[in-house]
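Some features that TrEMBL has for this protein:
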SIGNAL    1-19  signal peptide
REGION    536-613  region 'Disordered'
COMPBIAS  549-582  compositional bias 'Basic and acidic residues'
COMPBIAS  589-613  compositional bias 'Basic and acidic residues'
ACT_SITE  H792  active site, charge relay system
DOMAIN    879-1085  domain 'Tail specific protease'
ACT_SITE  S1016  active site, nucleophile
ACT_SITE  E1074  active site, charge relay system
REGION    1110-1129  region 'Disordered'
Amino acid sequence: MRTMTALALILLLSLGSVAAGLDELTHMPDARMLRFPDVSAELIVFSYAGDLWTVAREGGTARRLSSPKGNEMFPKFSPDGRLIAFSGNYDGNTDVYVVGAQGGQPRRLTHHSAADLVVEWYPDGRHVLYRSGMVSPSGRFNRFFKQSIDGGLPQTLPMPYAELGSFSPDGSQIVYQFVSREFRTWKRYRGGMASDLWLYDFLNNSAEKLTDFAGTDAVPMWHGDTIYFLSDRAANQKLNLWAYSLRSKRFRQVTDFDEYDVKWPSVGPDAIVFENAGRLHLLDLATEQSQTIEVIVPDDLPHVRTELKTVSNLIQNASLSPTGQRALFEARGEVFTVPAKHGSARNLSNTSGVAERYPAWSPDGKWIAYFADATGEYELYLHPSDGKGRPRQVTEGGAAFRYRPLWSPDSERVAFSDKTGSLFIADVNDGAVTFVDKDEWGTMASYTWSSDSRWLAYAKKSANRHGNIMIYDVNDQTVRQVTSDFYDDGSPVFDVEGKYLFFRSNRHFEPVYSDMDWTWIYPNSTQLFAMTLAKDTPSPLAPRSDEEEIKKDEEAEDKPKDDDGEKKTDEAADPNEPKDPNEPGEGNDEPKEPAKEDKKDKDAKKKDAPEPVKIDFDGFERRVVGLPIQAGNFGALASVKGKLLFARYMPTGARRAGAPGGTLLYYDLKEREEKTVIDNINSYDLSADGKKILYRSGSTYGIIDVAAGKKVGDGKIDSGNLKAWIDPREEWQQIFHEAWRVQRDYFYDPGMHGVDWEAMKQRYGALLPYLASREDLNYIIGEMIAELNASHTYVSGGDIESPPRLNVGLLGCDFEIDTEHNAYRIAKIYEGARWNAQPRSPLRAPGVDVNEGDYLLAVNGRPVDVSKDPWAAFQGLAGQTVTLSVGRTPDVNDANDILVEPMGSEFRLRNLAWIQDNREKVEAATQGRVGYIYVPDTGQNGQNELVRQFTGQWTKDALIIDERFNGGGQIPDRFIELLNRPIYNYWARRDNRDWQTPFLSHAGPKVMLINGWSGSGGDAFPHYFRRAGLGPLVGTRTWGGLIGMSGNPRPIDGGSVTVPTFGIYDTDGQWNIEGYGVDPDYEVENVPDAMAAGGDPQLETAIAVALRLLEKQPPKRPQRPTYPDRSGR
């Protein structure tokens, strides 16, 4: 009876378990992360996990519309609700498609390589409005295009900048915004790029500004006589729906969400649908009351399935086992060992939801140390190197990102640094962590152990930012500085034999002069040095003398002799001496006291231990010796017996296409010469025994001997087959917490701009269970970091599914349609700039006879289909030799075949044409007295453009420097130095023109153009320009993003989350620019109607200001004085 009861109980429990499992499979919770919705009279369409779905307005189970790779977004119902236009990348680029509201095969409408993003339907239901940057000369803004659903050439709308908009009921007007910040991760923004709403009248070609708010007014929706839009103008600065009455000109708040922002609202016939906290809400326009729409999405969620993935493309932080038998890799947050030749790769960690970083093998081979965030913070762990057993946590209480665990040679301690610039030593036996020192300038990246494990040498920067070599004594826990701060020293490494300390130092001074002027720099200043540790140790470069070796007697004359007169050896035993009872011998094969054997082991171990390293600190730096190696760009020093390994990188400032890295060499101390080990490598690691090297060259890893003459491919190991089971939900949770943690640890303000950062983790972490794709994770991370109200907080990438891109050939021209003959005609060929021949339109290549007005009739023999846009004929043809059939008439029989090579991008060509057009306007308006310089960014490209255009125009009486749309880059102090060179004197010459010093200098008036697209370095440039007193600023306030990034840990799946690590304040001790921007002296807005008419009010104002300044400050150049009379009369 008892048996039957037990069986019944087991059966009931089993059935209950099965029922629970079935319930789990059949129950579909209310979905979240529903994006970019739109609403018709009957349906709601939205994007979920990158695909399009529809659901009834009252909610329920959704129906899938699309499922290609990549994302489909911005779905919009046609006015009658029968069609849906959307942007998708079915075919390799983001283009406009139309599909039936009930599903079916989508029809592609656009084919350009630029991203074409759906905005709205025209009221006629026959045309789609989309935005694209395909004709933008700056790449920083889009324009509106009108596209027929029947295909053909899109029509460019007159407004010069346009992002999101909504038509009036009759289509004669549109309310729209110049700029789009909807994907910016910066909440409560009040800078110069804040979006306002404008009204454009197509009939009158007139424009009216509807809003003028310091914050965000965006995503306008026209319904009746009301404009609904998003704004953060309420006291809590949350994005909510607001309404503007075209009759009363008054604003009112419609929704009042106070935790999450309202996102991506879209208006239908009688309702607005929007997203909030990943859910859909429907606002009834009659009552202006909203309700949450519960949606069940019957998706199989392929992006959430646990999967065995190859992670070899995410290898980083590679190192080597003690004798070079196996390589050690960190890849996608896992720790792998890979054999040099034989055996299999091992995943030692297997923790999808934990990040393991910086693995390092102990010199005794027993342990692998690494940092892992299993506790929520990075702690030091030890894992048995054979993969058996569980990891042991060594440290606890860490609250900052940690770097580079470095084992002591005796395998008893691990040195490591952290984000704060601190250096520590952890005892692996008891977990005790000792603070060593802190570098106040940044991370302590360079430290090294002595061979006896007593000394730790490291580089630490002093007040003048020069590195000093420091040595820490583990025994007495004291620190000594061994080099002064007169030079910049770094990369210390102890000689393995305990004789020297090697290091690099910037002590070589050999200037390189510019070809343009007398500007000089000091590149390749690094030399390699050695210091003897003990004062009685000879210099490694001590003079040597070749001498004959005189052989000595093998035995001393006073050696005692035996009875036969032979010398008595130490090994001879006295037969009369009592025998050790423990010594093996006849009748005594086993030792009676095992302790004696233990003593032998200890003695052997003691014999193998390295000699104590002696350091004489008095006069240490005076014992520095420069190694006879040509100065250059060095790093990655390491010591093996008799040799110093080092990497020589490309000379500072040089570029070499295709070269993955530097050259590994060694300096042979005995032979006193350097030899190349291997060329073209990115990094290397040395085995603990000093005999093997693990190198990386691109994606190739190999293990080689420490010897000269190796090449990439030698000793190649199989690093391309590392696999790990990835549970996306576990990994996404780790990445989310990592993103939160790096902001906490690296953000320049420890107070996080006053934001309750823990509360933000809770707020947005609550959405983690609802993620359906890696893009969803980026979205909620972006929303979280946006709460910091800071610039330069970006998130991107990761393990994201995307289709292959397809290039599109471009001809550097605009097209028009000849409706009478139904053929495409070349309307305009972009010439670029006279002073810059590259790039050039393929239609302007030497020998190509094509003119504006000619017809494009066929491409590679195929007639051009005018039912599609002209770029449909050029799919995949960028960079290829293509045959064009071009004629003066639309008759193909009169056409000529020409060979061209289409471009992959027209951006630079259109940019140069815009610059040339502006320069010609300035030239014409000022009779050539004023020069025009365009600076697109403050990176290398902008630097090149500034120098190129300044050196060509420095003799002009005045200069206009245009930095509108400046994308930032470096801090542009050198830009200002070039523009701010006063003339000190002139030099009279007998037969030629006089010189000035400095030669390249402009002393006349200057004016700078700015706008809201100018940011980061583009904020600093006008700020410095004003501080230097160079001239007035014309335009509109700049972006206001002037805190910078200096690097932080990346997500384990290869994505990116950036952290602003430094913020600007002025010389008077006040925070400035960040969050606001730089105000102009002359505020001028480029209003749409004036721009549509071909004007540029900002440039026109700058010209007028420059001419007024020339009137007040005409150029002054002294006349050459009368030659002196020095005859003595």
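Cβ coordinates come from backbone N, Cα and C, glycine included.
Counting residues 6+ beyond its ends, the region 'Disordered' (1110-1129) has Cβ neighbours under 8 Å at 929-930, 957-958, 986, 988, 994, 1003-1005 in the same chain. Taking the Cα atom of each, E1074 (active site, charge relay system) and S1016 (active site, nucleophile) are about 9 angstrom apart. Counted within 10 Å of its Cβ, the other Cβ atoms near E1074 (active site, charge relay system) come to 23, all protein chains included. Within the model, the domain 'Tail specific protease' (879-1085) carries an average pLDDT of 96. Within 10 Å of the Cβ of H792 (active site, charge relay system) there are 22 other Cβ atoms, across all protein chains. S1016 (active site, nucleophile) counts 27 other C-beta atoms within 10 Å of its own C-beta, drawing on all protein chains shown. In this structure, the CA atom of H792 (active site, charge relay system) is 9 Å away from the CA atom of the residue listed as 'active site, nucleophile'. DSSP states for the region 'Disordered' (1110-1129), grouped as helix (H, G, I), strand (E, B) and coil, give 3 helix, 0 strand, 17 coil.
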